[in-house]
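> I'd like to ask some things about the structure below.
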Amino acid sequence: MLSRFIKRTYSTQTSSPVVGIIGSGPAAFYTAHRLLRNDPNVKIDMFESRPVPFGLVRYGVAPDHPEVKHVEHKFSEIAESTQFRFLGNVNVGTDVSLRDLTKNYDCLVLAYGAAGDKRLGIPGEDLSGVYSAREVVGWYNSDPRNQNLELDLSQVEDAVVIGHGNVSLDVARILLSNPAQLSPTDINPLFLKSLERSNLKRLHIVGRRNIFSVSFTIKELRELFALSSAVFFAPSFNYSTKWMNETDASGLDRPRKRLLKLLVSEIQKAVSEKRVAPYSKDKKCWNLEFGLTPVEILGHKGNVENVRFQITDSIRTDAESKFTTIPAQLFIRSIGYKSMPLPGMKDVGVPFDDAKGIVKNVNGFVRPGIYTSGWVKHGPIGVIATTMMDAFATADTITKDWKSKKEFLKNSKLGWDGLKKNIKTPVIHWKDWKVIRNAEIERGLRHESLSEKFRSNEDMIKLIYPGKK
């Protein structure tokens, strides 16, 4: 049955392909860019479940990193192509089925990213005051999906962030920043008000493994050390001598050695100045912990109060204790995002690996006529530059397969024109997105900020469709 479904004739392959891309983040746009560069006559329809484009560039990049968002200008150039169509506020799997897409496109590219979270799976993870980094990032970036967080920073003196990646450092930096320095950015003004009331005194960025396993980069680490509103304090024990052992560092690459040198230098400086845990002064304080695995989040009256850790790094001078506890009224896990399957994938022969959180593929190829790109292809790793190269590779595979007359989807080649009559949701086109964006810039001018994003999908849709309910 499945073989009959995916079989196609090659009679329509004399022309350029009609491609449907699901998602509108970096992987999606870079795939579109490369496809258009390989063949200027390719037609691309890009489906996005939100009313607005750009995915994690819009809702994941820290507001104090506006230079990273400059890539939006490149994506906008792509979207202005006459061969390109943006279809926002269209949920693939609910508003339109994957099966219907296969009937109208030569090729589909799954590039919808990772909207789920990995969990620790420990007792207390559902207590009030426990959040994923994605939720907190979404809150301060005005993501409509994360505007109901009941997080009152005025009630927080101690915070724990689990994870040693760049997202962890981003979250920590924002929580430790001076609100006045963030106000000119496009940060959520409601978050900013909460930050102004913050009573945060100590923030611990905790890693389950040792220093050699950190995923963050030296740029993000330097930004934390450079904060004028916060001061770094060392743990009550000193790793430094062991960390500087040439035997331990001999297998590290140059960037990791530079990072290690910076970190050890700052720890030694903190120790010499007697800035050791539980250090406290007028400024907010933060530190990095290694070799601590959370085993239980302890609460009081439904709220997080302490976090119990197992000590797993023998380098620690307190390793004989086996366990340690850190106070926390805020616990943020930053251990990775996770892609989720789209409804109807099995119906069209798309295999999804639930354990890995990816679409099963071979170098982006899923099955004839269906490909994948970005985090849903290989997992939530890499920066925008690596996503670009990965997306280019998928696009090149599609172009090569098309020119080689390999199997693609048997379809009408109508694309969106074959689907739109059955779509009930109000669709946001590229011209509509520009109206939304201009309105956000105007909103920002009132607060002397870069822009003020809409915090609800409904408000964006009402702006374009005033009469819609």
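Positions of Cβ are set from backbone N, Cα and C atoms, glycine also.
Because the structure is a prediction, the values reported are computed rather than measured.
In case it's useful when we look at the structure, here is the feature table from Swiss-Prot:
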TRANSIT   1-38  transit peptide
BINDING   ALA27, GLU48, LEU56, VAL92, TRP375, GLY382, VAL383, ILE384  FAD binding site
BINDING   HIS164, GLY165, ASN166, VAL167, ARG208, ARG209, GLU220, GLY382  NADP(+) binding site
> Would you mind pulling the DSSP three-state label for VAL167 (NADP(+) binding site)?
helix
> For the binding-site residues GLU48, GLU220, which one has the sparsest Cβ surroundings, going by other Cβ atoms within 10 Å?
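Across GLU48, GLU220, these binding-site residues, the one with fewest Cβ atoms within 10 Å is GLU220.
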> Do you know offhand how many angstrom separate ILE384 (FAD binding site) and ASN166 (NADP(+) binding site) by C-alpha?
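Given the Cα positions, ILE384 (FAD binding site) is 13 Å from ASN166 (NADP(+) binding site).
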> Tell me, how many other CB atoms lie within 10 A of the CB of HIS164 (NADP(+) binding site), whichever protein chain they belong to?
25
> Drop a 10 Å sphere on every Cβ of the binding-site residues ALA27, LEU56, VAL167, VAL383, ILE384 and tell me which sphere holds the fewest other Cβ atoms.
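Ranked by other Cβ atoms within 10 Å, the binding-site residues ALA27, LEU56, VAL167, VAL383, ILE384 bottom out at VAL383.
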> For ASN166 (NADP(+) binding site), which residues in the same chain are close in space, meaning a Cβ under 8 Å from its Cβ, but six or more apart along the sequence?
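SER215, PHE216, THR217, GLU220, VAL383 - these are the non-local Cβ neighbours of ASN166 (NADP(+) binding site), listed in sequence order.
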> Which of the three DSSP states, helix, strand or coil, fits TRP375 (FAD binding site)?
helix
> Spatially, which candidate from the binding-site residues LEU56, VAL92, TRP375, GLY382 is nearest to GLY165 (NADP(+) binding site), comparing Cα atoms?
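If we rank LEU56, VAL92, TRP375, GLY382 by Cα distance to GLY165 (NADP(+) binding site), first place goes to GLY382.
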> Out of GLY165, GLY382, which of the binding-site residues has the smallest number of neighbouring Cβ atoms within 10 Å?
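So among GLY165, GLY382, the binding-site residues given, the one with the fewest Cβ atoms within 10 Å is GLY382.
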> Taking Cα atoms as reference points, which of the binding-site residues HIS164, VAL167, ARG208, ARG209 is nearest to GLU48 (FAD binding site)?
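Out of the listed candidates, the nearest Cα belongs to VAL167.
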